[in-house]
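Step one of this worksheet: look at the structure below.
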Amino acid sequence: MAKVADKPFFPKPFLSFLVLSIIFGFGITLSEAGFPKIKHYKWDVEYMFWSPDCVENIVMGINGEFPGPTIRANAGDIVVVELTNKLHTEGVVIHWHGILQRGTPWADGTASISQCAINPGETFTYRFVVDKAGTYFYHGHLGMQRSAGLYGSLIVDPPEGRSEPFHYDEEINLLLSDWWHQSVHKQEVGLSSKPMRWIGEPQSILINGKGQFDCSIAAKYNQGLKQCELSGKEKCAPFILHVQPKKTYRIRIASTTALASLNFAIGNHELLVVEADGNYVQPFVTSDIDIYSGESYSVLITTDQNPLENYWVSIGVRARLPKTPPGLTLLNYLPNSASKLPISPPPETPHWEDFDRSKNFTFRIFAAMGSPKPPVRYNRRLFLLNTQNRINGFMKWAINNVSLALPPTPYLAAMKMRLNTAFNQNPPPETFPLNYDINNPPPNPETTTGNGVYKFNMGETVDVILQNANMLNPNMSEIHPWHLHGHDFWVLGYGEGKFYAPEDEKKLNLKNPPLRNTVVIFPYGWTAIRFVADNPGVWAFHCHIEPHLHMGMGVVFAEGVHMVGMIPPKALACGSTALVKNYPRLP
């Protein structure tokens, strides 16, 4: 098993909010100022015919690639992406998942929150600093475009001359996703219909955009399966992990799934978990990991098994009915042929409903030595109840009985320009009734839509208690992974049932809670997080399951908007902001 260095390393933020505003506002290049490099990309987003799982379909790609191109930079670098929308009939934005966007909240890539959607034929330029090493990704954030295939990897290395607190010889990058044969537009219409038409389970699991439908590369172990006949040159041919014996590999794993929670395992190999969501964790050994939509991990493996054999890599579905075959590929010990199948069948995915196993993995994640510690006390605490509801017969998801419906004018611009009629100025409820029974369906399933904002004072320490509950049908509660834009947060703890402060306060971990940007709520349970509202902007906080967000499962946070500097004009060209003349672009 790989060794991990004792010395922690945590890169400091590269630029302050003010310096970023000055640089971007006045067009000073970083090379002129003596700062780190600029990574410049020109992307065209368009629909393409593709065969992700050996069945031809339409995907949303970038520059003719699916998944999109990988961005690779060092912490402190500036990333510039000129994004041209070639979709013809719909807008587009891209969210840089896990990037904090300090000083550039307009570049967060959230339609109706940080910017206007980019119209067909138009180009929008994203500029932002990647300020912290880690494993990240990017994806569409308008409608359900992530489910259509608009995603790619974003890898940030330490600043030049710095090293990570662990050693490895080489690395492999894996982007996991789920795939449907039904178009995203049909899915969206079905979710918005009365009665609601559910999207169903995915047809395939993709590994770096590659999967197999209606056949298996492991059919020889199961006579009921059809063997895939592949030459290796097809778009759906497995992405093989080629390795040399007696080396240590860092495998970066990110999940951009629209629905599925996944389990990752490699036959005969242990995994040493060292990073989660761009933050170092106390290393621990496990046979497999559960990874929820929006999460990322780095694991180290040592190729110390029989070098004459190859080994299975298996990605199975967890927390949902097992109707989707596992995604499979090979850990290919060179110089063995990649066509040589392992002697044993693929690792078996744990039972889909074994939440105790999921919790045992999640509860082992702690911050690495030297990580920032949370403030001891909070200034404000929100209790967010997650329920399934209806509005006039339409099925919705709601938080504290409000289903999020985004306004046509982006919050960031509306608040900066003080357009008080652009959205509801009354904030949503900060808690829910103490006597609410989370173990039964809502007594009053009717809910309302809303677009109010939770506003925080700059520097305020905020606790959020995410509370899960029963759905509309009895005895049903689902896992929900929640992602916060613009911040990392400390995961203080998890619990069963309804959060009860006098008792559950004692369970919160203030010593070494992990920093994350995505966290799971287990069925009928609660999750407590803490963050500091120190990043001027407007930020989404939402379930990372695409259909759930589409149906209203999210809220919006705002802090320090008066401190936000220049907002590019193209981010303002919609809704009420498009009518404002002579808006001062600089503070």
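Glycine residues also receive a Cβ, built from the backbone N, Cα and C atoms like all the rest.
Note that the structure is a prediction, hence the values are computed from the model and not measured.
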Which of His542, His544, His548, His550 belongs with His97, His139 in the Cu cation 2 site listed by Swiss-Prot: His544
Site-mate of His485, His542 for Cu cation 3 in Swiss-Prot, selected among His141, His167, His181: His141
Residue among Cys54, Cys116, Cys543 that, according to Swiss-Prot, closes a disulfide with Cys236: Cys54
One of His480, His483, His487, His562 listed by Swiss-Prot as binding Cu cation 4 at the site of Cys543, His548, Met553: His480
Residue counts (helix, strand, coil, in that order) that DSSP gives for the domain 'Plastocyanin-like 1' (38-157): 3 helix, 61 strand, 56 coil
C-beta crowding around His542 (Cu cation 3 binding site), within 10 angstroms: 25
By Cα-Cα distance, the member of recorded positions His95, Cys215, His483, His485, Met553 nearest Asn475 (N-linked glycosylation site): Met553
Alpha-carbon distance [Met553 (Cu cation 4 binding site); His542 (Cu cation 3 binding site)] in Å: 6
Winner by Cβ contact number (other Cβ atoms within 10 Å) across the recorded positions Cys54, Cys543: Cys543
